[in-house]
Each structure stands twice: as C-alpha cells, then as structure tokens.
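See structure below.
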Amino acid sequence: MLMSSYSNIPLRKFNPSTRMFMSLTIIVLLFTVSSIPAVAVLLIATLAISIVGGVGKHALKVLKIAAPMLLFAFLLWALLHNYSLFYSSSNTGFAVDFGIYMTLRLVALIVAPLIFIATTTPSELIASLESLKMPRNLVFLLGLTLRHISGIAYEYKAIKEAQTSRGVELDKGFLVKRIRNYIPVIIPLLIRSVEVADKVTLAMELKLYGKGKRTRFFTYEFKLADYVAISMSLAVLALFLYFKLAFGGI
C-alpha cells in the first residue's frame, strides 16, 4: 500500500472522511457509466483531482507498474467480450471498443483510491473508518497492520542482505530450490514479527486497551471546503444515478 509522507499537498487540507468519500464516489460512478466518452470524462476528472491534489506523481508511478497488466487486460477483454456478464454485442471479432472502455475504467479504478490512500496516514485512516461506525477492534487491527508494513519490509530487507553477505544464494536454481533458499530469511523474519507482536500486546495491556471508551489526541473537524466537496460529490452522484435509472446509463 502507498502511504504518503508529505504534509503540504493540497488534498490533505480536506478531512480524511471527505477524501475517502470522494474516492468512493468516483468508484461508484465508474460502475454507473456504460460508454467510452463517459468513462473517459470520469478518468480525466480523476486524473485532474490527483494532479491538482498533489498525488499525480504517485499515480504515475503506480500506472507505470500496472502498464503490462493494463495491456493484457485490454487484449483479454477485447478477445473475450462475448463471455462478459455485463456486456452484450453481436460482434464476434476483436471488440476494440469494449477493450478500451474496460481499460479506461480500470485505470480510473487504480487512480481513484490514491486520492485517499496516498494522502492519508494510518491514524487518519482509523479516524475515518471509526466515523463510519465500523467495529473498533477491526479498525484498530487494520491500522496496526498498516503501521507495521514498512517495519516488516525493512526487517525483510535487512535480513536478506545479511544472509546474502554470508554467501547464501537466494535467487538461484528452480522454484523449489529458491523457496528452500529463502528459509534462512523467512524464519528470522517470523521470529522478529512474533517479538514485535509481543511488544505491541504488552503495550496494549499497559495502556488498558478495551477498558472503557477512549478519546483521541487529535480530532479532525469538518470545514467549509469539506462540506462543499461532499455536496458536489453527492450532486454529481445523484445526477449520474438519475441518468442511469431514467435513461439506462450514460
């Protein structure tokens, strides 16, 4: 998962719940449109929000990584369009239009979550999910996982470099041999993970986690910009849903 370390990007001026609502609105809209021009407009709007909001570079990096998958998806949808549950066509050949439509929608579905993910810290994510009245233990578990992803990744890199410096050949041989080669890396990583989990458990016990209602040190208030953004998102969503129900889509 991509978590931004920047604090001055424009999108961070919004409440975390507002950013999450904007991302979810775009995702819902992408499943209400049924034409290439409509999905192209949504994609352009999503890219514009990400660029103006300061996450354009993150989106570009993710799209570069996903480029081979997008190309494969285009070919797959264009060739197997007759087997789609949501699209019917008398064309028995290579459906370029359907391939373009689905690929554009996939690109937008990749970029839209970055409006929230790439601008939100684990603490803000927890606060946003708690505002939706989700179970506190589930939200805490998710936040704790996100907090320790970077730590586990660092431990993995350090252990791998240490084993490589000792002469362990990790990436040679066939698949089964490579899996065996990684045992000296996996076992120390598991031991380290258990140690971290034990420390977290002890810290939770010392802080009396679960004993009564807890308060937050930081609070995220809604500002005028948040109300404007949410109102605009609701208006656009209502408009698209109206066209979807009244005219069968856009």
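Every residue, even glycine, has its Cβ placed from backbone N, Cα and C.
TrEMBL labels come from automatic prediction, so no person has curated them.
Worth saying up front: this structure is predicted, and the values here are computed from it rather than measured.
As recorded in TrEMBL, the features of this protein are as follows:
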- 21-53: transmembrane segment (TRANSMEM)
- 65-86: transmembrane segment (TRANSMEM)
- 98-118: transmembrane segment (TRANSMEM)
- 224-243: transmembrane segment (TRANSMEM)
Stretch contact, the transmembrane segment (224-243) with the transmembrane segment (21-53), Cβ-Cβ under 8 Å, 3+ pairs:
yes
Counting only residues 6+ away from its ends, which parts of the chain sit with a Cβ under 8 Å from the transmembrane segment (65-86)?
92, 94-96, 98-100, 102-103, 106-107, 110
Short question: which residues 6 or more past the ends of the transmembrane segment (98-118) have a Cβ under 8 Å from it?
1-4, 11, 16, 19-20, 22-23, 26-27, 30, 35-36, 39-40, 42-43, 46-47, 49-50, 53, 55, 58-59, 62-63, 66, 70, 73-75, 77-78, 81, 84, 87, 89
